[in-house]
Structure formats: C-alpha cells, structure tokens
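Notes follow the structure.
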Amino acid sequence: MSISCDMLVFGGTGDLALHKLIPALYYLHREKRLHDDVRILAIARQDIDLDAYLTLAERHIRAQITPSDFEADMWKAFSQRLDYFSMDATQRGEFVRLAHHLGQPEGRVRVHYLATAPNLFEPIASNLESAGLAGEEARIVLEKPIGHSLESALEINEAIGNVFPESRIYRIDHYLGKETVQNLMALRFANALFEPIWRSGQIDHVQITVAETLGVEERGSYYDHAGAMRDMLQNHLLQLLCLVAMEAPVRFDAKSIRGEKVKILEALKPITGNDVQDKTVRGQYVAGQIGGNDVQAYYFEKDVDNDSDTETFVAVKAEIDNWRWAGVPFYLRTGKRMAKKRSEIIITFKQVPHMLFTKGEVNRLVIRLQPEESISLQLMAKAPGKGMQLEPVELDLNLAHAFSSTRRWEAYERLLLDVIEGDSTLFMRRDEVEAAWNWVDPILRGWQSHYRKPRPYPAGTDGPDQAHQLIEHQGRKWWR
Ligand code: BG6
C-alpha cells in the first residue's frame, strides 16, 4: 500500500527529527515504500532557509545510517520531498500561513508529527484545528512521554481528544516498533510450545533490563525534569511487561492487542506507602569509566542542575494481580551510563520439583532486544565423561543470522509507515497511557513524601547496590 501524504514534522530541527525521523524517512524512500507524492515538511522556529535545512538533514542522515546505504542519487531524489517552514507553533496566526503554504490538495493524508516538548501538544493541536488543518484527512502523532503525571496526561489527552478522534491519534512508543519486540508476540502466539508453561506455577520470575551506556547527551534540560521513571519505565519497560504478560488477543489488530495490554496495566499491584521504599530503587550515576573512558557524574552534564536529584537509574519489583501471574514478580530496571548497552527480558522458570542431580540450574528463556537480537533457552545437559555432571547449555536462535539477507528495519521506519497507512496496532491507546501513569504516580509521590537522595552508582557499573539487594533478598539474582 502506498499512500499520498504530507508529513509535517513539528520540532523539525530537534534531536528526534534529525537523528531518527528524517533518517527513517530516507530509508523508507530508499526501500520505495513512500508514494511518489509524499512531501515532508520540517517545521521549527529557527529562521533558516531550505538549503540550510537540507545541509543539516544530509549531515544527520549520513551520521545515522550505514555508510554504504547513503547514495548521492538517492539523497538527491529524497531531498526533493523535503521542505522547511519556519514558524512559532504557539502563535495561532502562524498556522494560517502554514495552511496557505500547504495548499489544499484533495485526497491526501496529512500527518502532524509532534516531535516537540509535551507542553506544545495542546497549543499545536488547537492551532491546527483553527487553521482547518485537523480535518478527516489529518492524523496526529505524539511522542512519549505524554505528560509527566496522570493529571497532566489526562489534560493532554483531553485537549488532543477535543480536536482529533482517538482513531486518528498515534501515541508513539518506539519500543513497539522494534523487530524483537514484535517477535515476542510471534514467539508467544505462534508457537504452541510456550503457552502451557507461560504462567505462575511454571515461571519463578521475570526480569526486564534496559541498560544504556549513553548519558543524557544534549537532552539535559528535558531529562533533568523527567528522570528514568518517566523517560523509560513508565512507557518502554511497561510496554515490554505488557507484551510478556498479556493474554492472547482474539485477533492481531489494534483493538484486541491494546485491549489485552490495558488489562495488564490495570492489574499491576499498586506500590504505595512503605512499599515504595521496599520495592523501588532510584540511582544516579557518579564519575566512572565506560570502555576505558572517563565519564563525569550526572550532575556535571550539560543543562543539568548541580545538585540535581533526578534518577538516572530505577529498579522496581512489579506484581500483576491476576490469575496467570499471581506470585510472579517482574523485576524491572533501566539506567543510563551503565556497564553495557543491552535490553533483555529473562523468563526464569521454576526448579524441577525433585532434583536428582547434585548440580541443577533453572531453565531460562532469554530474549535479547538489543544490541543483538536473539532468543535463547538455557537448558541443563550432561557434560561428556564419567558421572552425571550437569552444565547449562543454550539453545540459540540468532535472528540476525536467521534472516541475514533482510535489512533490519529501525523502529521509526515501521512506525512512520504504519501512521501513513493508518494502522494503530503498535501505538498506545489513551487508556493504556493513563493506566501506566496511574501505577507510576504513587511511586513518584512516595519518592517525594519519603525523600531520599538517589543512590549513587559509578558510571560503567550495573547500578547501585540497593538494586541488587532488591532482588537478592528474595534469593534471586539479576541475570549476568
Ligand atoms: C528514548 C528515551 O525514549 O529511548 C532516551 O527518551 C533513551 O532517553 C532511548 O536513550 C533509548 O532508546 P533505544 O532504542 O536506544 O533503546
């Protein structure tokens, strides 16, 4: 399906647009997935002309993509789709100028991608409406985080909902566009093997780790007000948890999948009162080393307050109060400036009921999302030789090798194409976002009311000691 469309990128000179969206659109163009007619209009306050924007876009595309994928002819053809429009998106009058610039071509989808701070979502939506740019053909894309609390998320959702119906609102969580994340659904729902053991009774606990070596880069002023809970856990990690825990949807479509996910979010056991101290850990990195390079403490990063108490690491013991998962903890952790970049989900099964051998480890299903994509099952096997010496071995499915002839799509490529084609399966519905905030809010409030500075951890480590204690005092361990 190839659809004629105007893609308007608000925040067109920002990090997200230049690092992710424009390179993703370049790839879609290169893969011939964009209708000849698709135009991309980058919008920002910066008063620059189209040539200057093209220079900026080219530089970023070259930096982001595999070097051999940059072809001069391809870039030339792609750049003809690009346009730049300078305006102040808080000024209603400016949208009249924008509407005039766009003209009124018949039958084109119009995508308004808000790659801006959330405080601009409301004014942009209402200004689009008043300029006649929010009609039937228009869709709006919102980047996470949607607000910074349940209350602000409700306000944003309400304001956007007054202009656009839910079916034309696309809330992006780019983790849902990652190949392995979608593979999780294939693994669970296309293989009969797992369903009977995918439950308490067979599963001891689940770990979800999203560790980054990156710091806050140029995003200090945003991050220092957000922190790891709002930036990562409220959205990406909870989405992963939903995909692990949800029931099989009736159909593979937006309504069924999102309906099942929201049931999980609503079943998350609230963490309130003393539980906030017992079941959560906040950390902040101090100076350390990553890959042999010195790294400064978080509070020295650009645009970060010198006595900032924002968490750059968070670990939580979550529990799901439903029949399938009663008694199975989900340990979630994410942090910046950690030892190694890795995102993985570990399903740890229970010990056999009666152990015949001296050494026995439990089975583990390890789903690695990045940097490499793989799924492996840890089984026990007899080591060659005399006696019953058991060792863990891995049954490995390396997805990059299994599909080596196919280029792996970046999450944003898939998601941008879905918006153009009107498929909202991999986007967050309003009630999902609100249910996630509803669970996160009491934790944030608990951190405020029983104030404690974030626990320091040296850059290049696995987070503060307290995060190990969180899992170890129950006789478990973060995997590797
Ligand atoms: C973004 C966060 O949503 O995800 C960033 O705002 C984080 O702080 C990024 O670095 C991580 O994404 P990925 O795809 O690199 O794991």
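Each residue, glycine too, has its Cβ placed from N, Cα and C.
In TrEMBL, annotation is done automatically, which means it is predicted and not curated.
Fair warning: this is a prediction, and the values are worked out from it, not measured in the lab.
Per TrEMBL, the feature active site, proton acceptor maps to H236. Annotation source TrEMBL lists NADP(+) binding site at R45, K144. The substrate binding site annotation in TrEMBL covers H174, K178, E212, D231, K336, K341. The annotation domain 'Glucose-6-phosphate dehydrogenase NAD-binding' is assigned in TrEMBL to 9-183. If you look up TrEMBL, you'll see 185-479 marked as domain 'Glucose-6-phosphate dehydrogenase C-terminal'.
Projection of TrEMBL feature records onto the structure.
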residue: R45; record: NADP(+) binding site; CB count, 10 Å: 13
residue: K144; record: NADP(+) binding site; CB count, 10 Å: 21
residue: H174; record: substrate binding site; CB count, 10 Å: 21
residue: K178; record: substrate binding site; CB count, 10 Å: 23
residue: E212; record: substrate binding site; CB count, 10 Å: 18
residue: D231; record: substrate binding site; CB count, 10 Å: 23
residue: H236; record: active site, proton acceptor; CB count, 10 Å: 23
residue: K336; record: substrate binding site; CB count, 10 Å: 24
residue: K341; record: substrate binding site; CB count, 10 Å: 13
Using Cα positions only, nearest of the recorded positions to K178 (substrate binding site) (R45, K144, H236): H236
Secondary structure at D231 (substrate binding site), reduced by DSSP to three states: helix
Of R45, K178, D231, K336, K341, binding-site residues neighbouring ligand 1, Cβ under 6 A: D231
Rounded mean pLDDT for the residues that make up the domain 'Glucose-6-phosphate dehydrogenase C-terminal' (185-479): 94
K341 (substrate binding site) versus the residue listed as 'active site, proton acceptor' - Cα distance in angstrom: 15
Where the record names H174, K178, E212, D231, K336, K341 as binding substrate, the maximum Cα to Cα distance in Å: 20
Nearest-integer angstrom distance between the alpha carbons (Cα) of R45 (NADP(+) binding site) and D231 (substrate binding site): 25
Distance [Cα-Cα, Å, rounded] between E212 (substrate binding site) and K144 (NADP(+) binding site): 18
